[in-house]
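*Asks:* After the structure tokens below, expect a handful of questions from me.
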Amino acid sequence: MTTHVIASSSNAVSSGAPTFVGNHQFKVGRRVGEGSFGVVFEGVSVANGTPVAIKFEPRKSEAPQLRDEYRSYRTLAGTSGIPQTYYFGQEGLHNVLVMDLFGPNLEDLFDICGRKYSLKTVCMLAKQMLTRVQSIHEKFLIYRDIKPDNFLIGPPGSKTANVVHIVDFGMAKHYRDPKTKVHIPYRERKSLSGTARYMSINTHLGREQSRRDDLESLGHVFLYFLRGSLPWQGLKAATNRQKYERIGEKKQTTPISELCESFPEEFAIYMNYVRKLGFEETPDYEFLRELFSKVLKAAGEEDDGMFDWVLLNGGKGWEASVKKQSSSNHQRRDRDRDRERHRERASHQALAPTTPNITARTSTAGAATGGDANPSPLVLTPAPAHVSSRRDRERERDRERRRLDTQGSAAAAAAGVGGSPMATRRSSAQHVANAHPYASTTGAVHSQAPSAFRPGAPGEAYAYGNGSVNQAPGRQRAMTPNTGNGMDMNRAQMSQSRVDRRLEDGRQEDEQHKGGFMSLICCR
């Protein structure tokens with residue numbers, strides 16, 4: 001979940017959240033957003049008035065993330081660009097995390113800036129984002145969900161107003177054991193985790209993620225910022241699984257030269273470098289940062305913090321755009337609320353009972369007209385006893401007949417009548433993964449035209465790009481063994497209804513971002 005300073009008008013009381021949390025240390029204020037995993041409120045420290053973000057997650061959540069996210073923040077405590085946490089605990093039926101409050105995320109700012117960033121802004125962002133990811137890797141963690149929504153700038157007017165922060169560690173995982181320093185083993189047939197638009201090719205192929213995959217995802221984000229979109233956006237397919245297969249195929253068959261066409265060669269160098277990294281290989285982060293410093297120097301620019309959003313509105317910055325849009329949104333919400341109330345009133349009037357007592361009404365009407373209006377008023381009387389008994393017996397016979405028919409159908413299905421035996425259906429789902437082309441640290445290159453592209457393993461539980469899981473028929477859910485601190489979202493046993501809700505999110509991987517900067521928050 002991503003925190004913003006832009007907030008809606010709903011408060012804690014109207015949303016059912018407690019007024020105070022953390023033993024009355026923090027007062028809960030306006031709700032700033034919600035998602036499939038919980039709700040986030042703006043709050044304030046009672047002791048010193050410091051603004052904070054307060055995340056609420058149901059304790060009975062099907063895929064709890066907040067505790068694992070809190071553990072990641074503790075591991076990274078004191079690292080520049082990482083939120084500071086102030087409290088984690090249980091409040092009634094919720095897990096609660098109190099942390100720093102930030103400004104808008106890079107996707108929101110991307111919308112404000114017309115859905116393209118200048119070359120200077122992309123290079124300055126790239127250097128900061130690389131540093132954040134390097135800091136995470138140095139703590140033996142991989143992030144596994146790189147996307148613009150999870151990078152936020154600081155609060156407006158603060159010293160960190162143009163410092164990029166990274167948040168939402170619900171899918172982070174140790175790639176080395178913190179005690180033994182042993183790297184996790186390479187594995188295949190892994191379910192997908194991350195956001196399909198930005199995830200690495202290896203992730204699409206169902207291969208265990210490591211540091212190289214975070215860096216490849218970053219490269220996709222950089223090119224998204226420069227181009228305005230990526231070649232694999234907007235692909236259509238009959239099912240979500242097929243859609244993600246098509247995205248993976250398009251990534252593999254799109255040459256880097258085409259992906260980086262018309263941009264400085266350093267972007268192609270970056271993509272070639274990260275895609276050739278070995279599974280356990282340590283990236284040269286300084287070399288990668290230097291690539292973007294060279295681009296800035298060649299363009300006659302400096303890394304001075306003057307991002308595109310700072311120059312908006314005649315130098316007033318992005319805040320002026322937010323205030324204007326916020327006022328417009330409030331007016332639109334008021335109009336929508338008035339229309340909804342009008343529809344509800346009309347609906348109630350249409351459904352209101354107009355004949356509560358048929359006998360009384362018809363009798364009264366007849367009396368008022370001298371008996372001519374309704375000479376034979378309708379009177380409802382119970383049926384005779386012998387008629388009721390016969391009807392009851394007929395209903396009972398119908399119920400028994402339906403029950404026997406249902407049992408017969410179930411028995412036929414169990415015997416395999418009219419369908420494939422379970423063994424046949426299971427065997428048809430088997431899949432032998434291709435050998436990993438660079439499991440060692442030699443840095444082999446992806447084949448550009450794989451003979452058979454399959455993300456994960458057909459027939460196994462298949463986690464979609466946002467970390468949710470689609471249960472395959474006849475299979476148990478795939479449970480990824482916990483490594484290190486065990487922060488692997490693939491262990492989440494999520495219901496299909498939640499998967500469907502998340503796959504319909506307006507910020508989903510293969511569609512253009514439509515939420516805009518007023519979407520406020522991204523709960524992932």
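We count from 1, first residue shown onward.
Cβ coordinates are placed from backbone N, Cα and C, and glycine is handled just like the others.
What TrEMBL records for this protein is below:
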type: BINDING; residues: K55; note: ATP binding site
type: COMPBIAS; residues: 331-347; note: compositional bias 'Basic and acidic residues'
type: COMPBIAS; residues: 359-371; note: compositional bias 'Low complexity'
type: COMPBIAS; residues: 389-405; note: compositional bias 'Basic and acidic residues'
type: COMPBIAS; residues: 467-485; note: compositional bias 'Polar residues'
type: DOMAIN; residues: 26-288; note: domain 'Protein kinase'
type: REGION; residues: 320-433; note: region 'Disordered'
type: REGION; residues: 465-490; note: region 'Disordered'
*Asks:* Mind giving me a neighbour count for the residue listed as 'ATP binding site'? Other Cβ atoms within 10 Å of its Cβ, every protein chain shown.
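*Replies:* Here the count is 25.
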*Asks:* Going by DSSP, is the residue listed as 'ATP binding site' sitting in a helix, a strand, or coil?
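*Replies:* Note: the residue listed as 'ATP binding site' is in a strand by DSSP.
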*Asks:* For the domain 'Protein kinase' (26-288), what's the model's average pLDDT?
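*Replies:* Averaged over the domain 'Protein kinase' (26-288), per-residue pLDDT gives 95.
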